[in-house]
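Report on the structure given below.
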Amino acid sequence: MALEVSTINFYALENSKAHRTHKYEAVHLNPPTPIFRRGQEFEFDIIFSNRAFNEKVDKLRVLFHYEDEEKKPPTPRGGAWLANDADIAEDPNMWSLRMISNQGKTLKLKMKTPVICGVGAWKMSIKTDLRTNLGGSRYDHPEIIYILFNPWNKDDDVYMPETDLIEEYVMNDVGKVYVGGKGMAVGRQWLFGQFEAHVLPICSKIMKDYYRLRMYSREPSYSKRCDPIFVTRASSGVKLILQGNWSGHYEGGTNPSLWTGSAPILKEYSVTGERVKYGQCWVFASLGCTVCRALGIPARVVTNVVSATDVDESLTVDKYFSKTGEVLEESWDSHWNFHAWIDAWMARKDLPPGYGGWQAVDPTLSTGPSSLEAIKRGEPGFEFDVAEKISEVNADLVDWKEDEKALLGFRKIRTNTTYSGYQMLTKKPFIFDPNGERDLDDVMDQYKNPEGSKEERLALIRAAMNCGSRARQVFEIEDAKQIEEIKFSLVDIDNIFIGKDFSAILKMENTVSKSRKVQVAMSVESVFYNGTKGNTIKKLCQTVSLAPKENKELKINISADEYLDKLVEFSLMKCYWMATVEETKQTWVAEDDFNVTKPSLNIQLDGIMSVGKQGKVIFKFKNPLKKKLTECQLAFDSPGMIKYQKTTFRDVLPEESVTIEATVTPSAAGNLTLVAIFYSKELQDLRGSALVDISS
C-alpha cells in the first residue's frame, strides 16, 4: 500500500532566520506561514499516517503549483523527486529534494527551489508511489507557501553585490518620500509595512490582475513571475487598488496627504475588495516600493524635482505667452513641481551588458523598468519607456511669444536647458532623521551628467536623433537672436512662513546710454504639485522707464490676506515675469517657484513605553493663522505600537496652542517610528514623526 501523508511541518519560524524572512508577521502567526527565498534550501517534515518511508519500496515527489491556479487539478509548475543527486542539488536552476533523516513515520527533507523560480503564493502537493507501480497516493497541503526573490544570492537577477544595502532597500520598513518644489523639497516619513501579514497576498493578486488587465490576456502570468522585469512592471498594478485624484476634492475618501504608510491602504483594499480612495504620485510610488520590497526586489522611492511632461516626444516643454505676457494654454506639455517613482535593482539580461542595476519604474504612469544607464546616455531605443524618463529629467524648457510676423504665429524667445530635473531625491541608506534632512540623498548624477556639461548635451542630442522627427526638428531650430541692452534678474523668493507677507522683486539694468521703456507683466499663482494652475493671487502690467545706465528695482508686495484663501495642496506658488523693451523688442521671461512653510507637529511621550502596557502619546502645535481652523483631522500610525488611525478634531481657534492626546498599547519591543499628520481646510499637512523606544 502506498504511503499516505498525514501532514507537513515547514518549520516556518526556524527556516525564516536562514531565509531572512523573520520580519514577516505571517511567520509568527498561528499557524505560521512559510516564507522562503528562491535558490535556497528549506527544511521540512512529512508525517505519514500509515507507515514509515522505505527507500527500497517507495517513491516520493514534491510538486508545486501557484495558489491561484484555476485548472483542477492544478498544473505543477515545479518540483522534484526525492533523490540525493549532488549534481542536481548544486545546479542553481534546478529543483532538488534530499533526505536528512527518516525516523518512524517522520521523514525530514531539504528542498531547494531554483534561482529562477517564480515568486508569490504557492501550494505544495506530495505524490507517493510504490516502486512496483501498483498504487499511489496524493496529498494536497492546504496552506499557502510564499517564495520570494533572493537579493543575497549571486545567481538571482535581483542580486545586489553591496549586500549591506539590502538592509536598506529590502529590509527597511520605514523611509521617506520627498515632496515639494525647487529648493523646497522635504522628506515625508513613510511606513512601507512590507512585512505585515496582509501585504504578500495582495502582491500576488496584483501580479495576476495586472497581467490580465494590462496585457489583455485571459492566461494568468505564471511564466513571467520569475522575472523581475515583469514583476516590477506589475507593481504599477497598485493603481488597481488605489484611485488617483488630483482635483483637490476628496469627498468619499481619504485626502492623499493623510496617508502615513502603505499598510493601511492595502488593508482597506483587502477588506473591501474595492479601490481605495485616494492617492497621488508619491503614494503610488510608495505603494510600489512596498510591493517590490515585500517580494524581495531592492527598491527606493525617488522624487524628480521639476519633472517635465513632454507629450509630443520633442524632448522639450513648450510654454506659450500672449503679447501682453499672459501664459497661454496652447500646449499639453508641462512641468510638475515634483514627481515620484521608484528605482528597482535588477539585472537586465534583455539589454547589452552594462545596463543592469537601478531601473526606473513609474507606478503612476505605468512605465518602466527603464535602465538608468540608458537614460543617462540618451539611448531611448532600449526597453522600457526610456524616452519618457529622458524627457522628465532633462527636457529643455522653450518659451514662445505671440508674434503675427512669425510663420506659425509664435516666436521662440528663450531656451532654458537646465530647468528640468533639478534634483533626484531619495533617502540616504542607514540614516533616518525623523525631523530633519540629514538623510537626504540627491542621486541625479545617476540619471544624467552634470547640467551644462558637454556629456549632458550630447546625451540629449543623441536622444533627440532617436526620438522621431519632432525632436530632431526642434533641436535643429536655432534660438532667436536679439539685442540685449537691458539686463534682468529676479531676487529669489525664499520659503515664506504661512501668514506672513512677502515681496516679488525684479531687477533691471540699462547698459546703454539711451533711455528705454520696459513693459512688465507679472502674475503670482498657486499651483498644484503637478503644475496645474490653482488660483490667481495677483497680476499686474505696467511700464517702467529706465534712464541711461540706470539700475532700478520693481517691487511687488503680496499680503497674507491675498494668498491664504487661494493656496492649494502643498502650498506651492509660482511667479511669472515677462519684460519687453519697447524700442528693441528685447523680450525676457522668467519664473520663480516657492512655497509656504508651516509649523511642524510636535510629538511627545508621557512616560516610558512598554509592551502590553497602555501609554499616552501627545501631539502639539500652534495655529499660526489669525483665523479659525475647520474640518480638522489627525492621522497617525506606528507598526508595533498602534495601527493606522484617522480621527476628527474640533475647530481650532486663531493662534491657539493645541494639544491632542492618544492612548496606545505597544505590541512589539524596539525602536519604532511614529508618523502623524494634522490636516484642516485652512492649514494643511502639518507633519511630525518620532522614534519611540519600546521596552519589553
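Each Cβ is built from the backbone N, Cα and C atoms, and glycine gets one as well.
Quick look at what TrEMBL annotates:
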type	residues	note
ACT_SITE	CYS281	active site
ACT_SITE	HIS339	active site
ACT_SITE	ASP362	active site
BINDING	ASN394, ASP396, GLU451, GLU456	Ca(2+) binding site
DOMAIN	273-365	domain 'Transglutaminase-like'
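Measuring Cα to Cα from HIS339 (active site), the recorded positions that fall within 10 Å are CYS281, out of CYS281, ASN394, ASP396, GLU451, GLU456.
Between the alpha carbons (Cα) of ASP362 (active site) and GLU451 (Ca(2+) binding site) lies a span of roughly 23 Å. All protein chains shown were included, and the count of other CB atoms within 10 Å of the CB of ASN394 (Ca(2+) binding site) stands at 28. Per-residue pLDDT, averaged over the domain 'Transglutaminase-like' (273-365), rounds to 92.
Helix, strand and coil residue tallies for the domain 'Transglutaminase-like' (273-365), in that order: 15 helix, 42 strand, 36 coil [DSSP].
Taking Cβ-Cβ distances under 8 Å and a sequence separation of 6 or more, the neighbours of GLU456 (Ca(2+) binding site) in its chain are ASN394, LYS448, ASN449, PRO450. Following the DSSP three-state reduction, the secondary structure of ASP396 (Ca(2+) binding site) is strand. Listed in chain order, the residues near the Ca(2+) site other than ASN394, ASP396, GLU451, GLU456 are VAL393, ALA395, THR417, THR418, SER420, GLY421, LYS448, GLY452, ARG457, LEU460, each with its Cβ within 8 Å of the site Cβ centroid. For the pair ASP396 (Ca(2+) binding site) and CYS281 (active site), the C-alpha distance works out to 23 angstrom.
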